[in-house]
Every structure is written in C-alpha cells, then in structure tokens.
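Take a look at the structure set out below.
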C-alpha cells in the first residue's frame, strides 16, 4: 500500500501541531512534523546531518530538501513496516518552498499520494502572540520575536506560493485558524469526514 499523505501548512503559531494531535486521535493518522524530525535529528549525536541542521535552524533558514525528505521517508517506511494498515500520514510544515515541492515530486512521485493540503490560515500578529506564549514554556530557541518575524517572512515568501499552487489544483482545504482550538477542530472534522 502506498502512503496517503495530507500536507499541513500554515504560518508559525497557526496551531498545526495542536490540531494534528487531535486528528491523530480521531482518525488514526500518523503525524510527521518535518520541524520536529529535524530538531530530533539535530540532537542525535550519531547523525550525519546534526550540525548542518543546527546551522540552518539557527539562521531561520529552510533545511536542504534531501535531508528533510530522507527523514520523512524513513519515518513512513518504519511506520508501515511495523503496521501495514497505518498508511495515512499528516505531514506538517512541509513542503515549505518550491525546492521542497520539487524534491518531493522527484523523490516521491508514484511512491506516495497527496490527498489534499490542510491550510491553517491565521493573521500574523495572532501567530506571533501565540508563539511568544508558547516560547515561555516550550524552550524552543526560535520562539522569540526576532526569530518569529524572520520565520513569518520566510513563510510568506516561500510557503504561501506553494499553497497557491495547490489551490490551482483544487487540493487546498482552508481553515480560519485564528479561532479557538475547539472551533478550529470543528472545521477540521468537517473536512476529514468529507474526505475520508
């Protein structure tokens, strides 16, 4: 069976992680966060990519696509090897730019199907406030205002065009993510119930 993938996109603080956790619980998807995989890999002393990832994350830059895709593939392969029924994946925070998308199409063409793109649309100021709140407890080095301004710029320049591209293909399911967690999840449920 081929992996069925839903790409989850939205700016920093749009609530991607929070909503993904709920989707996993309700629909049995496996959640793969590109950012988390990279952060874990960065901490792994045996990783060949660790230092490289560290440098990119510190500078608020997007990590080279080969690294991200190899981590995503590894996770999907391991999940499906352990349980063949588990072939539904939420991939969160990817593809983040044109390069990511081309890399995915080149590497994963025919190997995985993208069902749709779940787009959490959220006003920048709300996103920044949420991240600053999260930064107090998350210990994430990039949850500070300066880093956030950079991450939002990167998102607007790089990721938004990808969403527009999928929009043209009729694959985007857009959600107003500025509402409360429960209200947002109600919208998510409508989409997943319809898409199956």
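Cβ coordinates are placed from backbone N, Cα and C, and glycine is handled just like the others.
Keep in mind it's a predicted model, so treat the numbers as computed, not measured.
Look at residue 15 (ATP binding site): DSSP puts it in coil. If you draw a 10 Å sphere around the CB of residue 15 (ATP binding site), it holds 24 other CB atoms from the protein chains shown. Sequence annotations record features per position, and here Swiss-Prot assigns ATP binding site to 13, 14, 15, 16, 17, 18, 134, 179.
The phosphoserine annotation in Swiss-Prot covers 33 (among others) and rests on similarity to another entry. Here the Cβ of residue 33 (phosphoserine) has 20 other Cβ atoms within 10 Å, regardless of which shown protein chain they belong to.
According to Swiss-Prot, the region 'NMP' annotation covers 33-63. The list of residues near the region 'NMP' (33-63) in space but at least 6 beyond its ends in sequence, with Cβ under 8 angstroms from a Cβ of it, reads 16-17, 20, 71-72, 75, 91-94, 96-97, 99-100, 141-142, 147, 150-151, 154, 158.
The annotation ribonucleoside 5'-phosphate binding site is assigned in Swiss-Prot to 39, 61, 62, 63, 93, 94, 95, 96, 140, 151. In the three-state DSSP assignment, the secondary structure recorded for residue 93 (ribonucleoside 5'-phosphate binding site) is coil.
Taking Cβ-Cβ distances under 8 Å and a sequence separation of 6 or more, the neighbours of residue 43 (N6-acetyllysine) in its chain are 50. Sequence annotations record features per position, and here Swiss-Prot assigns N6-acetyllysine to 43 (among others).
Per Swiss-Prot, N6-acetyllysine is recorded for 55 (among others). According to DSSP, residue 55 (N6-acetyllysine) sits within a helical segment.
In the three-state DSSP classification, residue 100 (CMP binding site) falls within a helix. The CMP binding site annotation in Swiss-Prot covers 100, and the record cites sequence analysis as its basis.
Summarising the environment of residue 106 (N6-succinyllysine), the number of other Cβ atoms within 10 Å of its Cβ, over all protein chains shown, is 10. According to Swiss-Prot, the feature N6-succinyllysine maps to 106.
The region 'LID' annotation in Swiss-Prot covers 133-143, and the record cites sequence analysis as its basis. Non-local neighbours of the region 'LID' (133-143) in the same chain are 13, 57-58, 60, 151; each lies 6+ residues outside the stretch with a CB under 8 Å from one of its CB atoms.
The annotation phosphoserine is assigned in Swiss-Prot to 180 (among others). Reduced to three states, the DSSP call for residue 180 (phosphoserine) is coil.
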Statement: Integer Å value for the Cα distance linking residue 33 (phosphoserine) with residue 93 (ribonucleoside 5'-phosphate binding site) is 6
Message: Please report the Cα separation of residue 55 (N6-acetyllysine) and residue 100 (CMP binding site) in Å, rounded to an integer.
response: 18
Task: Consider the binding-site residues 14, 15, 17, 18, 100 and say which one has the Cα lying nearest the Cα of residue 39 (ribonucleoside 5'-phosphate binding site).
output: 17
- line: Check: min Cα-Cα distance from residue 15 (ATP binding site) over recorded positions 95, 100, 106, 180 goes to 180
- prompt: Ranking the binding-site residues 13, 17, 93, 95 by other Cβ atoms within 10 Å, which is at the bottom?
  reply: 17
